[in-house]
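Here's the structure, in C-alpha cells; my notes come after.
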Amino acid sequence: MTSYAGSTASRRRDHPHAFQRFPTPTEWNAAGSTAADARDLLHLRARKSSLASHHSHDSRSRHPHHHPQGAPTAWDSASESGLSVLSALPTREDRERRAARKAARRAQRERDAEQAQNRHDAARAADATDSPLRRAARWLVEQPALARYSVVVCVAVVVLVKWCTGLGGYSGLAQPPLRGDFEAQRHWIALTSSSLSHLPFLHAPSAPSSSASIPPSRWYYHDLAYWGLDYPPLTAYHSLLLGLVAAWDAHMAALERDGAMKNWMRATVVAGDALVWVSAVAVYCARNFRASTKADKSQRRMLVALMTVLLQPALILIDSGHFQYNSIMLGLTLWSVNCFQAGRDVLGGVLFMLSLGFKQMALYYAPAVFAYLLGKCFWLGGREGTSLFINLALAVTATFLALFAPFLTSLSTFGQALHRIFPFARGLFEDKVANVWCALNVVVKLRDLVPTSTLAKLALVATGTALVPSVGAVLWVSYRLGRERASGSAAVGGAAAPTIVLVPHALFLSAMAFFLLSFQVHEKSILLPLMPLTLLMGAREVGYGRMDWEWGALVNNVAVFSMWPLLQRDGVVTQYLALTALWNYAIGYNPLKLRASFVKYLSCTTYALILAVHSLEALAPPPAHLPDLYPVVNLSLSAGVFGLAWLWAGKRLLQEAWALGGVGGFGEGDGTGAVGRSGVPGAASARAKDR
C-alpha cells in the first residue's frame, strides 16, 4: 500500500495535467443552464479533449506493452462517452419549447374543463326552466304547417279552456232574489237597452226590473235596490252594445226561454276577452320576449310567455267562472302600456282613461301610470317635455268629458254617478278579503270602534304612504336621467323613456298597495296586481327573471286560494282545482325543485298550510262559535304572503332603478339606451350585475 501511494505521488509530480479534476455532471449542467455559459461549455469540452489526448500519449510512451500503437484506450472510450452525454444535454431553446408545450397543454386542459362546466351549467339551467309548455312550444314551431299559425293555435287552446270553465256554475245561480253578478250584468243590458224592451231576452226575470225606456241620465238612479249600476259609463256603453247585438237577431229573443241565456252571456265574455285582453298580451309578448337572434328560439320564448299569461287561473275563474268582464279593463290597461313602450304616450293616456271608464278598479294602476308619464316629461325637459304634458292633459280631459257627456246635464246627475261609482258609505271592506284591514279586524274590530268616515281617511293616508316609495322612485330616476342627458342630444320624444322598464314593477306595487290598504276592496281586486306580476314571469331566463318567475308563481297560487270562499259559493270547485293544477304543470312549477332561497322556503311553508286548510275544511266542520274560522285563516295567510310580495317588489324596483343609474347616482347605466337595448324587465339589472 505504501509503495502504491509513493508511486501515485511520483506520477502526480511527473505529470500534473493528467490528474487535474474534471467537472462533475452537475457542473456540466450548471455550465449549460444559461446562454452566457454556452461558450464555457464548449471550452470545457475542448479542454477535456486536449487533456485526454495528452494523457493517452503519455500512457502509451510509458507502457507500450499495454497500449499498442493505434488501439483505443479505456480513457479514450470514457472521453468519447462523456462528450456524447454532454452533447445530449438540452439547450435553453429546447427547455423553452418544452415549457411552452406544457403551458399549451395546461391551457387546453383548463379550456376543456371550463367548456365542460359551461355545458353542465347550461344543462342545469335548461332543466330548471324546462316545462311542458316549453316543450309544446318547441314542437309547435318545428312543424312547418303550424309554425306560421302558432299564435292562433295558442289562442284557440286558451279559448277552449275558458269555454270549458264556463260550463260550470256562476255567481248567484239559483240564489234568488238578487242572484249574483251574472244577473247584474244581464240586468244592466236590460237597463241600457230598455228602448228594445220588446225582446223577452231584455226583460229581467224578476219584478224590480222595468220595461219602460230609461234615458242615460237616469241610469245611475234606476232600481238601486235590485242591481243599480255602479260601474263607470264605459261599462254601461258595453252593456248597450251587447243589447244591440242581441236585438240584431230575432232568434236572440228565445235565449231565455230555451235556457241558452247562459251560453250567450258566456260567449260575450270570451269574445271581449279575445278582442281586447288576448290581443294586448300577444303584442306585449311579441315586443318584449323576442330578444334571441335565433328565430325559432325567439318564437318559443314568446309563445311560452303568452301562454303563461293567458292561462293564469285567477282571471279565468273570475271571468269565465264567476262571471265578469275584468279582462276588458285589464286589456285596455295593457294596451296603454304597449303604447307607452312604442312612444305613443298620448294614445296610451287615452286608453288608460278608457280602462278607468270601464271599471273604477283601474284606479289601482293610476299612480304608476302618472309617475311614468310625468317622469317622461321631466326626462324630456324643456319645450318637448312641456308639450307632452299639455297634450296629455288635453287628451285625458277630452276622454273624460266624452265618457261622462250623458251625465253632465246637471250637477246632481254627475254627483249621483260619482256616488254610485265610489260608494264610500258601504264600509271599509266587504265580505272576507285578504287585505290588512280584514286581517286586522280579526284582532281589533275597527268598524265598531271608529266611524266609517274616519276609516276612509285612515285608509287614504295608509295607501298614500305605501305609494310614496314606488312613485317617488320612478319620478326621481326620470328627473336624474333627464339632467344627465346631453344638452345637444337628438330629440327622443317618439321613443319610450328609460323608466319604461320600471313600469311592470311600479304597476304591481301600486295595485298591491291599493289592495292591501285602500277602502272598499273586493276579493276579486287581487286580479289587478296579478296582471303586471304575471307579465314579469315571461322573462324567466333574463337577468333577475328567475326570481320574478318564482315570486309570480307563488303570488298567483295564493291569489287563487284567497278567492276560494267566493269560488266555492259559485260552484266552481272542480274548475278551481283543475285550472290551478293545469297552470302549474304547464309552466313547470315545482316548489320543491326551486333553488335554495327565501322564496322557496316561503313557498313550501305556504303550500303546506294551504293543503292543511283545505284538508281540515273538507274533514272537520268549523266550531259553532267560529263559523268563519276557515275563511279567516285563509285571508290571514294570503294577506301575509301578499305583504311580503309587496316588500320584495319594492326591492326589485330599486334594483332596476339602480341599474338605470338614477338612484343617488350610484348606478352605472347611462339610462339613455335602456329600452333600445332591451325591453325586457330585469335586463337592466342583469347588465349591472354582470359589470
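Yeah, the Cβs are placed from backbone N, Cα and C, and that goes for glycine too.
In TrEMBL this protein carries:
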REGION    1-34  region 'Disordered'
REGION    49-129  region 'Disordered'
COMPBIAS  107-124  compositional bias 'Basic and acidic residues'
TRANSMEM  267-289  transmembrane segment
TRANSMEM  301-318  transmembrane segment
TRANSMEM  363-381  transmembrane segment
TRANSMEM  388-408  transmembrane segment
TRANSMEM  458-479  transmembrane segment
TRANSMEM  491-519  transmembrane segment
TRANSMEM  573-592  transmembrane segment
TRANSMEM  599-617  transmembrane segment
TRANSMEM  629-649  transmembrane segment
Does the transmembrane segment (573-592) reach the transmembrane segment (363-381) with at least 3 CB pairs under 8 A, where each pair is 6 or more residues apart?
no
The transmembrane segment (458-479) and the transmembrane segment (363-381) contact flag, 3+ Cβ pairs under 8 angstroms:
yes
Can you tell me which recorded stretch out of 267-289, 301-318, 491-519, 599-617, 629-649 has the most Cβ pairs within less than 8 Å of the transmembrane segment (363-381)?
491-519
Quick test of the contact rule: Cβ under 8 Å, at least six residues beyond the ends. What residues does that give for the transmembrane segment (491-519)?
337, 340-343, 363-369, 371-372, 375-376, 379-380, 384, 387-388, 424, 428, 435-437, 455-456, 459-460, 462-463, 466-467, 469-471, 473-474, 477-478, 481, 525-526, 528-529, 531-533, 535-536, 639, 642-643, 645-646, 649-650, 652-653, 656-657, 660, 662, 671-676, 679-684
